[in-house]
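Asker: Take a look at the following structure, please.
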Amino acid sequence: MPEEVHHGEEEVETFAFQAEIAQLMSLIINTFYSNKEIFLRELISNASDALDKIRYESLTDPSKLDSGKELKIDIIPNPQERTLTLVDTGIGMTKADLVNNLGTIAKSGTKAFMEALQAGADISMIGQFGVGFYSAYLVAEKVVVITKHNDDEQYAWESSAGGSFTVRADHGEPIGRGTKVILHLKEDQTEYLEERRVKEVVKKHSQFIGYPITLYLEKEREKEISDDEAEEEKGEKEEEDKDDEEKPKIEDVGSDEEDDSGKDKKKKTKKIKEKYIDQEELNKTKPIWTRNPDDITQEEYGEFYKSLTNDWEDHLAVKHFSVEGQLEFRALLFIPRRAPFDLFENKKKKNNIKLYVRRVFIMDSCDELIPEYLNFIRGVVDSEDLPLNISREMLQQSKILKVIRKNIVKKCLELFSELAEDKENYKKFYEAFSKNLKLGIHEDSTNRRRLSELLRYHTSQSGDEMTSLSEYVSRMKETQKSIYYITGESKEQVANSAFVERVRKRGFEVVYMTEPIDEYCVQQLKEFDGKSLVSVTKEGLELPEDEEEKKKMEESKAKFENLCKLMKEILDKKVEKVTISNRLVSSPCCIVTSTYGWTANMERIMKAQALRDNSTMGYMMAKKHLEINPDHPIVETLRQKAEADKNDKAVKDLVVLLFETALLSSGFSLEDPQTHSNRIYRMIKLGLGIDEDEVTAEEPSAAVPDEIPPLEGDEDASRMEEVD
């Protein structure tokens, strides 16, 4: 039975908190939590729920609003009293509601929340278990709740969390209808009385609540009055505060006089400081995602985007949609104009899509809501079906969320396709986010085809403009069965590469892929529109040939068979095989990689990885093939020399030099560049007619040994033998 205390006519009843609630409050008060600010979110969310209820009731019975038409939430900090007050004009509580809801009947979530807390859950989840009110004790030592329901008198609930609370009829200032929560803040929590802090917390957690949240602040302003009024005001103040030691001072900020001898002299004026109450609405940005897209202007979208992201520029594109049926949610998605500098920083928490459930903010870093490759998309998702008490663990298992995610990805791809029709804007988008699209091709097998339609590349025929793979296919020759591409560091480098010589000469278009991520992209993108993607830097390049060309190729293979064998013997393990090339025109030779090995570009990328796996590098790098150009005079002369004497040291020397030069021109790096340089210098001396013996006689220290170790050795295979 509650204990009754009589104070004159006022009856105060004391109740004990239900055991689980007392335990929860003890946990909240005695444990340190860093994000105490969530108490404000919870109290505002409760106020919003109460306003939702009265609004719903008023739909069937408009007279419910006779006790107050305006639906709003007010926040009133009072530094003198050290109180923070929240007032709403919601449905209010009856005495029975007060006793039951705030203390004697445990909500089903109380125990679950305590178990979650002890298991390491975050305090910010408190509202999701229906016990958000008690988060007030994170910052308050005492809480007073004054409430008025249409069906009952005005009551006051009060507790300092000592295991009990009191309820009494309240004969103070009538509040009409609704609830007033007065927090008597702890000494170390006065930051929540500061204008800046309150605004910051409301903006972070509650800026999209569907009712106006107004902050009431006592401020000072200067007022200009005449001397007579100043004297009167001063007199009044002195009378009011005559018992006070410190009397208010009227600040004289100067007087305006006219030195006119006329009778109409201007009255002397003084400036005094007066106090006034400033009212500022904190959530002017209403949840526009709940409105009809046809009624929203681009300016409104722009303002909303800026308030959501703190970006100073407008968005590039927007997609506003709702899904109805078995599942109901609304979403508003934006593409920014530029990529953030930390777009691919793994450790950084991305707060790009805010998740709301029925207009109440749940979280802003929900990985399950959008795949990583779309992490640049900003926006809001508001679900009608997710429970408010959703936790991160539950989200990971949520089937509803999986459906929402699928829809978001689909709508994002629609948005990209729409944007692609506007060449100018798509160019800006592609410059900023092409890496994301390529990452999507690598990761998202379901949407790979749609993503591949969004890719744009420079090609051997596109000039300064970029072209899509669809446009490439539309320009393909009748005999062409594949899409030819080359990967490299820059457009200039790949355009001048030996690999594209024959392909371009035959009139086939080559796609230039110059971003490191392209290497990963083409590993997954094997074909486009039924046409396979073929690298011109890998073995097995097949160009459409007529009978004459086939015959010529067979003759060349037979003619150069012995040279190929000899070159393979000289280079030994450096190459897997030496063959006749069908891709060279003006270059004597090139290095190609096996179909499944790394390209030169990929090898360069992998070597640059700080945490590379050396075991993988060993077998992926080993597959190099040397292709020689049968029509090149260097190769023809080398064949003749080899036919004459296959043990000629000069032949061996030239083969190694050709191989190393081909490595460089094909985009690979040399393991021992110094030896290669020495070999080149020696060639220069020969060309200039400088006698090697003279140099060695003058500088014995720089003498070259008579016999350089043989080329066949694993370690020293790249060293050059002395030229006779």
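Cβ coordinates are placed from backbone N, Cα and C, and glycine is handled just like the others.
So Swiss-Prot lists these for the protein:
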- Asn46, Asp88, Lys107, Phe133, Arg392: ATP binding site (BINDING)
- 225-244: compositional bias 'Acidic residues' (COMPBIAS)
- Ser434: O-linked glycosylation site (CARBOHYD)
- Ser452: O-linked glycosylation site (CARBOHYD)
- Lys219: N6-succinyllysine (MOD_RES)
- Ser255: phosphoserine (MOD_RES)
- Thr297: phosphothreonine (MOD_RES)
- Tyr305: phosphotyrosine (MOD_RES)
- Ser307: phosphoserine (MOD_RES)
- Lys435: N6-acetyllysine (MOD_RES)
- Thr479: phosphothreonine (MOD_RES)
- Lys481: N6-acetyllysine (MOD_RES)
- Tyr484: phosphotyrosine (MOD_RES)
- Lys531: N6-succinyllysine (MOD_RES)
- Lys574: N6-methylated lysine (MOD_RES)
- Ser669: phosphoserine (MOD_RES)
- 9-231: region 'Interaction with NR3C1' (REGION)
- 215-552: region 'Interaction with AHSA1' (REGION)
- 222-270: region 'Disordered' (REGION)
- 264-608: region 'Interaction with NR3C1' (REGION)
- 620-723: region 'Interaction with NR1D1' (REGION)
- 694-724: region 'Disordered' (REGION)
- 720-724: motif 'TPR repeat-binding' (MOTIF)
Asker: Of the binding-site residues Asn46, Asp88, Lys107, Phe133, which one sits closest to Thr479 (phosphothreonine) when you measure Cα to Cα?
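Answerer: So, of the listed binding-site residues, the one sitting closest to Thr479 (phosphothreonine) is Asn46.
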Asker: Where the distance is taken from Cα to Cα, which of the recorded positions Asn46, Lys435, Lys481, Tyr484, Ser669 turns out closest to Lys219 (N6-succinyllysine)?
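Answerer: For Lys219 (N6-succinyllysine), the spatially nearest of the recorded positions is Asn46.
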Asker: Please work out the number of neighbouring Cβ atoms within 10 Å of the Cβ of Lys574 (N6-methylated lysine), leaving out its own Cβ.
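Answerer: So the Cβ neighbour count for Lys574 (N6-methylated lysine) comes to 20.
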Asker: Tell me the Cβ neighbour count for Phe133 (ATP binding site), meaning other Cβ atoms within 10 Å of its Cβ, over all protein chains shown.
Answerer: 21
Asker: Which one is closest to Tyr484 (phosphotyrosine) in space, judged by CA to CA distance, out of the binding-site residues Asn46, Asp88, Lys107, Phe133?
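Answerer: Given the candidates Asn46, Asp88, Lys107, Phe133, the nearest one is Asn46.
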Asker: Taking the Cβ of Lys435 (N6-acetyllysine) as centre, how many other Cβ atoms lie within 10 Å?
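Answerer: Cβ-Cβ neighbours of Lys435 (N6-acetyllysine) within 10 Å number 18.
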Asker: Between C-alpha atoms, which of these binding-site residues comes nearest to Lys481 (N6-acetyllysine): Asn46, Asp88, Lys107, Phe133?
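Answerer: Nearest candidate: Asn46.
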Asker: Reduce the DSSP letter at Lys531 (N6-succinyllysine) to three states and note it down.
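Answerer: In three-state terms, Lys531 (N6-succinyllysine) counts as strand.
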Asker: Look at each of the recorded positions, Thr297, Ser434, Ser452, Thr479, and point out the one with the fewest other Cβ atoms around it within 10 Å.
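Answerer: Least crowded of the recorded positions Thr297, Ser434, Ser452, Thr479, by Cβ count within 10 Å, is Thr297.
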Asker: Got a sec? Which of these recorded positions, Asn46, Ser669, has the most Cβ atoms within 10 Å?
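Answerer: That would be Asn46, with the highest Cβ count within 10 Å.
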Asker: Quick one: mean pLDDT on the region 'Interaction with NR3C1' (9-231)?
Answerer: 89
Asker: Fewest neighbouring Cβ atoms within 10 Å: which of the recorded positions Lys107, Lys219, Lys481?
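Answerer: Least crowded of the recorded positions Lys107, Lys219, Lys481, by Cβ count within 10 Å, is Lys219.
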Asker: Around the Cβ of Lys531 (N6-succinyllysine), how many other Cβ atoms lie within 10 Å? Please give the count over every shown protein chain.
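Answerer: Result for Lys531 (N6-succinyllysine): 15 other Cβ atoms within 10 Å.
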Asker: Measure from the Cβ of Asp88 (ATP binding site) and count the other Cβ atoms within 10 Å, all protein chains considered.
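Answerer: Asp88 (ATP binding site) is surrounded by 28 other Cβ atoms within 10 Å.
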